[in-house]
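Novice: Residues or ranges marked as active site, proton acceptor by Swiss-Prot: SER477. Here Swiss-Prot flags ASP78, ASP120, LYS121, GLU451 as Mg(2+) binding site. The annotation [2Fe-2S] cluster binding site is assigned in Swiss-Prot to CYS119, CYS192 on the grounds of sequence analysis. As annotated by Swiss-Prot, N6-carboxylysine applies to LYS121.
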Amino acid sequence: MRSDEIKKGFQRAPHRSLLRATGLKDEDFEKPFIGVANSFIEIIPGHFFLNKYAAIIKDEIRKCGCVPFEFNTIGVDDGIAMGHDGMLYSLPSREIIANSIETVMNAHKLDALICIPNCDKITPGMIMGALRVNVPTIFVSGGPMKAGKLSDGTPIDLATAFEAVGKVAKGEMSEEELYQIECEACPSGGSCSGMFTANSMNTLMEAMGIALKGNGTILALTPEREELLRKAARRICEIAKDEKLTQEYKIRNILNEKAIHNAFVVDMAMGGSTNTVLHMMAISKEAGVDFPLSKLNEISKHVAHIAKISPSLQTVHMEDINKAGGVSAVMKEASKRSDTVLYLDNPVIEGGTIGDRIKDAEVIDTSIIHPIDKPYSEVGGLAILFGNLAEEGAVVKTAGIDPNMREFTGKAICFDSQQEAIDGILGGKVKPGHVVVIRYEGPKGGPGMQEMLAPTSLIAGMNLGDKVALITDGRFSGATRGASIGHVSPEAAEGGVIGLLQDGDEIYINVDTYTLEVKLSDEELEERRKNFKPKVKDIKGRWLRQYRSLVTNAANGAVLKDEC
């Protein structure tokens, strides 16, 4: 066992002495040590109950004859951090989480790992850390919350609340109506109920085989979710107690190139958050897999978009997907298309393969998960755009775009920060036909690559979603919809063309040809570059300054450089 390094032999008597202080007995030194990486934090709705989940898991681990050691990571709630400088810390928190997993697991030589993530950057951070350690690992998330409901039965969620702010600003909704939405949008614990970043990533973990069947859709705080916790605990112990299984089920043996491909197939079929692209690029690097951004468009061409979930379809939420058959049903239905490549032979953590897992799955409600011959779209719900404005790529959630906006030409109106853009939108500067440009919000420029949910929600709430596009070197919340193009690389802070744009420049967007261009000649761009000096923001936070000096761009997953 890996843990023998801290518990076997006379030289480890001091180590055992310390472990005895935690309650261990002689017999415990013969058992596998299981890390339980929790992300319990009281301020996040998807995490405030995870201490109870960890207790269930630890109890089951003990019953199975192993020794659990719980430790915690930090967490940032993107919704609460939204709209102020707290959002600068969201993406950087992913790196702290990954580092904490690597640190605790390697410092204490634990044999195997269960991770309990749920929201935002916590899930990808835990995956990245687990890949570095490369021991058998099972992920079991906290689960999605129920959708809210208005008094008339209309389903709502957090995206409804953000967009309602725009309606109030435009005078189309009263503050009393906004208050009703505020009180009903998030009715229970869990990750926000739509196909936002948290649920997108929890779904993709299931698709990759590192989480058990049902992980992406079984609601939080239900008996079914608690049984999933117990199953995960039993399985990790079964693996850790068998040396052959321990070698076979190291996380890198499961989360390989085929698993990443399968994740993107599901992402396309369900129209996941654009943040999944950023995180999966980072995960692929940690897994040692070369997976270029351009490959996503090739996948998209051969995957039908068969499930629309809020924010793309505001009446459908994760609980509906669960009732309709869950992620396995989506995968099985998607695989029926002859040109869709889904690697059914790839292993899953419970044993067997993806093919074994989805063999008996079926779509129970075809109004929620569409038949393969009646998709929402013949192509996937995400696209990577290229052109002189995004030489290394930009990301758009095509599932959330009005059909009239799939090809769009508009005049640039430029803002050098998210707050400038918010002020401009609320001040009436943004008109139909504009392309809102928000720059210096990339990984380096922000620093921290803020989510632009406030501006996109204001645009949607002010009924400009089919008349205005937005491009940014920042990123978006999973709750964003509309012609919102993010992750523009290179970013302004590293000299990208987005930094050269001026008000009135003509910008051309075509999601069907994967194009993002400014209608300027190479000569004009080169002339502008002669006098261009990227802005550098005055940042007070020491961690943010360190992050800015180390982070790579969005096309590389915004991972940190190995060396300065």
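A Cβ is built for glycine as well, from the same backbone N, Cα and C atoms used for every other residue.
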Novice: Using all protein chains in view, find how many other C-beta atoms are within 10 Å of the C-beta of CYS192 ([2Fe-2S] cluster binding site).
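Specialist: Cβ-Cβ neighbours of CYS192 ([2Fe-2S] cluster binding site) within 10 Å number 30.
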Novice: Suppose we draw a 10 Å sphere around the Cβ of GLU451 (Mg(2+) binding site). How many other Cβ atoms does it contain, all chains included?
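Specialist: There are 31 such Cβ atoms around GLU451 (Mg(2+) binding site).
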Novice: Return one of helix, strand or coil for CYS119 ([2Fe-2S] cluster binding site), based on DSSP.
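Specialist: Coil, per DSSP.
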Novice: Near the Cβ of SER477 (active site, proton acceptor), how many other Cβ atoms are there if near means within 10 Å?
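Specialist: Step by step: centre on the Cβ of SER477 (active site, proton acceptor), count other Cβ atoms within 10 Å, giving 29.
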Novice: So if I draw a 10 Å sphere around the Cβ of LYS121 (Mg(2+) binding site), how many other Cβ atoms end up inside it?
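Specialist: Result for LYS121 (Mg(2+) binding site): 29 neighbouring Cβ atoms inside 10 Å.
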Novice: Express the distance between the Cα positions of GLU451 (Mg(2+) binding site) and CYS119 ([2Fe-2S] cluster binding site) as a whole number of Å.
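Specialist: One finds 15 Å between the Cα atoms of these residues.
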Novice: Could you name the residues, excluding ASP78, ASP120, LYS121, GLU451, of the same chain that surround the Mg(2+) site, i.e. Cβ within 8 Å of the Cβ centre of those residues, in sequence order?
Specialist: VAL76, ASP77, ALA81, MET87, SER90, LEU91, CYS119, THR197, ASN275, SER477
Novice: From the binding-site residues CYS119, ASP120, LYS121, CYS192, pick the residue whose C-alpha lies nearest to the C-alpha of the residue listed as 'active site, proton acceptor'.
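Specialist: Closest by Cα: ASP120.
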Novice: Fewest neighbouring Cβ atoms within 10 Å: which of the binding-site residues ASP78, ASP120?
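Specialist: Each of the binding-site residues ASP78, ASP120 was scored by Cβ atoms within 10 Å; lowest is ASP78.
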